[in-house]
Amino acid sequence: MFRDPVLRRSVDGEGETMQQGDHQAHSPTQTQGHQPRIHSATNYPPHQQSRPPPSPSHTTELPPISTALHSRDTSASKYYDPTSDHGERGLARDTARYDPQHSPQTRETHTYSDARPAHSPYEKPYQSPIASSYAHQSPLQRPLSQHHHTGGMEAMSHSPVSPSVYHANRGAVQPPPANYARRPSMKDEARENRPFPLQHHLLTVTQAPPPTRADPMSLSSIMSAGTDSDPPAKAQPPASLNHDHGHLSKPPNAHFVKQEPMASPAPADLAPHDNGILHRAPYDPIHPVAPSHALQSFATPRDLPAPDEAEIEAALAHIETKQMNDLDGPGAPFEHEEWRERSLKRGLDVISGETVKRKKRRHATLTRYHDVLAAHRDYAKHSYNLEHEGDAWQQVQSQEIAEEKERKKDMQRKRRREKTIQNEEAKRAEALAKAGQADNEEEKERHLAAAQKAERKAKNTSQLLQGNAPSKDIREVTPHGPNLEGGTMSSFQASDDLGTGGKRKGNRGTGRLKKSKEQKQAEKDAAAAGQAAIDRGDDLPSIAPREEARLGSLRDRSYTEELGNGFVTSHDSSAYRNLYAQIIKDLARKDVPKVVRIKENSLSTKQSNLRKTAQLAAKEARRWQMRTNKNQKDTQARAKRGMREMLAFWKRNERDERESRKNAERQELENAKKVEAEREANRQKRKLNFLISQTELYSHFIGKKARTAEIERSTDDAETAASAPAEAEKPGIDVDGMDGNPTAKVTNFEDLDFDNDDESALNAAAMANAQHAIQEAQDRARAFNNPEGQEDDGELNFQNPSGLQNKEDWIPQPKLLNCTLKEYQLKGLNWLVNLYEQGINGILADEMGLGKTVQSISVMAYLAERYNIWGPFLVIAPASTLHNWQQEIAKFVPDLNVIPYWGTAKDRKVLRKLWDRKHVTYTRDSPFHVVVSSYQLVVQDAQYFQKMRWQYMILDEAQAIKSSNSSRWKSLLNFHSRNRLLLTGTPIQNNMQELWALLHFIMPSLFDSHDEFSEWFSKDIESHAQSNTKLNEDQLRRLHMILKPFMLRRVKKHVQKELGDKIELDVYCDLTYRQRAYYANLRNKISIMDLIEKAVGDEQDSATLMNLVMQFRKVCNHPDLFERADTWSPFTFASFAETPSFLREGQNVRVAYTTRNFIEYSLPRLIGRNGGRLEIAGPDNEKAGFRGHYLDNLFNIWSPHNMEQSAREADAHSWLRFSDLSATEVSKIAKSDLFERALETGSSPNKLGQYETLYDDENDKYEPKHSMLRIIDRKDRAPLTDLTSEGYMRNLMNVSQSAFERTGLDVIEPCAKPAAAAPPVELYCASQDVIAEKQRVFFNPAIRNALYGVSDKTEQVLLDTKSHSTALVRNTLPSPTNARTRYTHIEAPSMSRFVTDSGKLARLDALLKGLKAGDHRVLLYFQMTRMIDLMEEYLTYRNYKYCRLDGSTKLEDRRDTVADFQSDPTIFVFLLSTRAGGLGINLTSADTVIFYDSDWNPTIDSQAMDRAHRLGQTRQVTVYRLITSGTIEERIRKRALQKEEVQRVVISGGAGGAVDFNTRSRENRTKDMAMWLVDDEQAAEIEKKEAELAEAEKNAPPGKKRSKKKRVEANLDDMYHEGEGHFDESAKGSGAATPVPGTEGAPGAPGGKKGKKGLSKKAKTAKQRLAVADGEV
């Protein structure tokens, strides 16, 4: 078999190779027990085989067999590898089949670097398809390549090896010896000149095998070393295969590749191979590589003897000295090829066997699945039938019962209709009889109409009985009698429309007449009898045609036809014949189709009846089948029905008894509640009386020492002081001589028994509590500066002002104060000092502009000067007034060091280092005395402020803490301070609750438990302000007595004679057309009933009403708040120039001629080059002068020479003598284009036209003979317009021009607009000559000067050089027709229309013109910042100088803006938002205040107008308030007047004024907003609905009443002014003056105690609601 003993020895040594664990390649699969398994190579034992084939020393790395499971693409030729189950697509390869005729291939295709493809697709070790137990590779790893192969097959899907690994492994491969002669293959000659002669794939049979050499370190070479017959030749120096010789000495880095179950790229984490085997000593023993666990189960062949150790050692030593392996000998390649072919064949056999087994297993599996699924299907079908068979049977029975019921209904309906027909026929007969017996014609007509009506109803009922409704198409046909046999009558006559006798009421039909109770009962009895007969199984009575009815109908119709007036006409007359022909035509055109339709309807009805009869007959035929079960079913049904009726009866009886018992219990409970309510009312009345008495006594004791009434009555005006009431108000109880017992027992409020105690005991308890409260306040004030138990006597104790308590004289002005206080201000200082003595807090509520700031500063100066109390003082003010406080303190008291506590968090941290918390006493040299900060920052840093002990805390604009639910109010209440002073010009803004919040803040111990007290006063006083009812004078007097000791208020007119009263004017404006349209649309979208429901409901719908109010207010302000008029321009079909940065373009960017049309006309380059056009001369154009020489001269009839000759010969150009033109001029005109001729004509003077102005008589006209043909020039009327430049003659000569200008046609808007605009089509040619020619044409100086004239610089040069006037080129471009749009079609919004679109803005425009002429300066207040944006555009349009301040203005910008307005008299208007610009700023340089839209809180407007009406104002202040009449603004203004009445009544003590208030209740905000949106009638409906709802809720049982959840939402103030009035350093909103609900500590907040579930979907923040109202969302 083998031709060489070396090959036999190689085969015989195969078993030894397997025994020694040589690294042979195996397949990843094996066959064992006829079940192929595709798994990892290391999981299965090797396949047993009697004679394993010889294998080479090196292996080829192939992908695993699992890749055969992947789908293959059949679009190209496919090669299947049976040893690896891997398919590879080839471009130029044969079918992968084993063919012994092909040249043999060896597995060692990658032994040498020159034989390996440039990029091998296999990066995994080759494995045998038979015995795959482990993956290994030879110690000498084949080199890897980094280049792609250039063979005829595609690259594999495996990842290539990195170049570093490839170069590192190339040095391990040695070339064969130089003198080694191998057998040439079939294609060695063809591969000698190829750079990469071998393909990498295993089964490519078109290539010869490469020369292989044995690995000297493989076990096959070791075992065969002792039996080699021929010694190898002497080793020659190896030839270098690499260009880089440095790689030859580098040891190779072999890689073990992890075997994957699928064909995937080789992993990157490869374990390094042992490289020490190549550098072993000559006689060192070689340790075999440890095989895998699968190799341990390999059976060692028993016929092979055990090797001798000595021989092995000798062989190893011989191999190490040898330079080539056993495969380098002669004949080895041939044996290697035979071994490879046998391996391939064996692999194919294994695969074919596996394929057959796989098919059998698949068939068996599918058969088993089919049987199992069939069994499941049968079982499911059987189960479904068992489960749903009863339901199906019941459904069929229910359908039959329903059909039976429907049939019964049809029968009843049929009987009712037949009865109706009979009744109508009887009525008709009766009416006809009465008509025959009628005495007068009117009564006869009435009865005939009744007869016709009955006949129509009978006809309609008959048609309904037949199954079709009466059609309008057959109304003019005489109604027929009931034809019970079907079909229609053969005789008919045309008649008038029966429906024209009278107009129908409404859109409803006549319908059938109402039946009486007797008729309905009779029909019910008849139907019950029929049903009983059906239930018994009796046969129904047959329904026979009613012959009498049909005959009666015929008789009646005949009688009706005889009623008509007989008109006898001769049959021979033409009128009769014409009438007869017309009737025949009408019958053929109208009546015949109608009769056909009637016939068709009758036929369909008859067929339907027959079909129903057949169905009934079929059902009767099946009746005998159901008689067996019907009686039993009917009995059960009747029994069940009887049981149900009995149960319903007893349930109804029990329910009635239960309801009656509940009603009795409810009545008893209501009676008990009434008794308890009366007792509780009496108890509450005594309780409130006790609280008032206690507070009056406290106020009486404090008022004696503070002398508030005396100071408040004091004034600079003697008349006012004299007119004041002389006697002081007396308290509600007798306190004369009551000094009280200081040691009396104090009774807690909870321990009082208001039911049993008498009035004397309660009065005594009230007096004791009042004295105790006074003593407690004084003790707390004395002990404030002695927290550590210091002694009162001592020289250093200067902070206890007890010595001031008995001082009677007024204190003088402090010397530290660098100003002179007015008399009322000095009295205010004395009042504040007295409060400080008693340890009582107070409210300084002087009107805005009376110097509350300087009075507060004077108190601090007085304490520092008189008692050496230098602080610490805390001043808390709105962010807008912080700079003002700092400047005022530094100006009036320079000795007080002020810390401006604002800025970033880091800055505030530095400022807090100056605070001295260890020492109580502050001296003149302390680092600070006064801290000035804002409300927001104080609340934010409350933890630091609470650690300080403040001597005096002043709160400016104290209405910021008017809500007792806000976190601001709660935080400030916890500050440690000896005294608190509240400064506010408006102590009451909306209701009495706000006043009591301030009182509780200054005296927590006294006003702590006065919720009922506050509710009492609030209800009575506010109801008086709204309903104009009589106020309880005793309550009002007692309230004023309570407030007197704690609040001091003076008004300007009482204390300042030089400051005149401000004039307030309401300016009413009308809605414009556009505003009315918007307003009407909004009103139409509101459902009044929906609005009524929202108004009387709870407060959940308040957000919707808020949005509606905002929308209406925006309409009143300006319609552009909804939609702005945009700039319009036509669609531009062009592209514009673009630049990445304007900084690179320089200061002047030239944008002329930068637009490009999207349409480009490409011109061939040949035309643009030299010689492309014949008329353009050039070096490549030899025929350039052809056109000029021949066409322009020889062939041109307009040449001067030709025209001169023809003119002399009286030929074609003889007319030149009458045209006043020479031959040269005519030739020039002929050669010029249209533009040049127009320029020539426009620049030449028209002398012929001037003759017409001189000789304008018809009989005396001058016509020059040489210009007879110049008709246009002679008839030109242009010279007539230049005769005169003034007077009537000019107007007569320029009628068209003057009329055009006078009628405004030059400024009117065009009636049409261009839809699109585009520059000229762009000409493109890749030639520089074309570009230059375009530039010459576009920028021709002569043409440009003629069109546009010369530039200003050129004209100046001509004037300087004194050139002739003809050198100045005039502008010949005609002026645009429309002076507004000119040459462009871009339309900007009209500012004049912008002004006239709003009634307010138009009225304001006229008002500002007058104010500007009168040298006034204006403060313009707005509610909406978007309206301020629009106003800026208006002021810019009118060229008024203005400045702006709103909520978004930063703090430093705000200070500079106010300073600029105060110092710069050229600023005419100051735009401000009401909340941002209405607090604490001085704008006395303005004398006019305009409210563009008013605030619903009148105190906000009062504060805003007092920015100008304050101390320092020397001019009369006028306040204008713009109100849109007939809109929501009038109702808002009325509500603001009600709030002003509350303030006047509470503070000034006056009675109710003559203000026209309505009788509405102010119980919830939702109702008020609903009232703003409706008129008076709708308001009355809301009041009525509310009363009904209250009554229903009162009468409802306790369990039925709906629970009203108290929901706190942002009111309209917060919503409208969100983001305004906050001047934080970071330019962020700091919270509105009224704390917005939802903040920390507010009820209903998400993080509070009650806000567990958070906000609902309807609940939105104020900012979100404002965005919705503005239309931004």
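Each residue, glycine too, has its Cβ placed from N, Cα and C.
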Practice prompt. Match it up for me: which of 616-646, 709-739, 957-987, 1484-1514 does Swiss-Prot list as region 'Disordered'?
Written response: 709-739
Worksheet item: What does DSSP give as the helix, strand and coil breakdown of the region 'Disordered' (654-682)?
Response: 29 helix, 0 strand, 0 coil
Fill in: Per-residue Cβ crowding (10 Å cut-off), top of binding-site residues Met848, Leu850
Leu850
Item to complete: On the DSSP side of things, how many residues of the compositional bias 'Basic and acidic residues' (443-458) fall into helix, strand and coil, could you say?
Response: 16 helix, 0 strand, 0 coil
Response to the item:
Secondary structure of the compositional bias 'Basic and acidic residues' (419-431) by DSSP, residue by residue, totals 13 helix, 0 strand, 0 coil
Worksheet item: For ATP, what surrounds Asp846, Glu847, Met848, Gly849, Leu850, Gly851, Lys852, Thr853 with a Cβ no more than 8 Å from their Cβ centroid?
Response: Gly985, Arg1510, Leu1511
Practice prompt. Report the same-chain neighbours of Lys852 (ATP binding site): residues 6+ apart in sequence with Cβ closer than 8 Å to its Cβ, ordered by sequence.
Written response: Leu844, Asp846, Asp956, Leu983, Gly985
Worksheet item: Over all shown protein chains, what is the count of other CB atoms within 10 A of the CB belonging to Gly849 (ATP binding site)?
Response: 21
Item to complete: Check the domain 'DBINO' (583-708) for me and report the mean pLDDT.
Response: 80
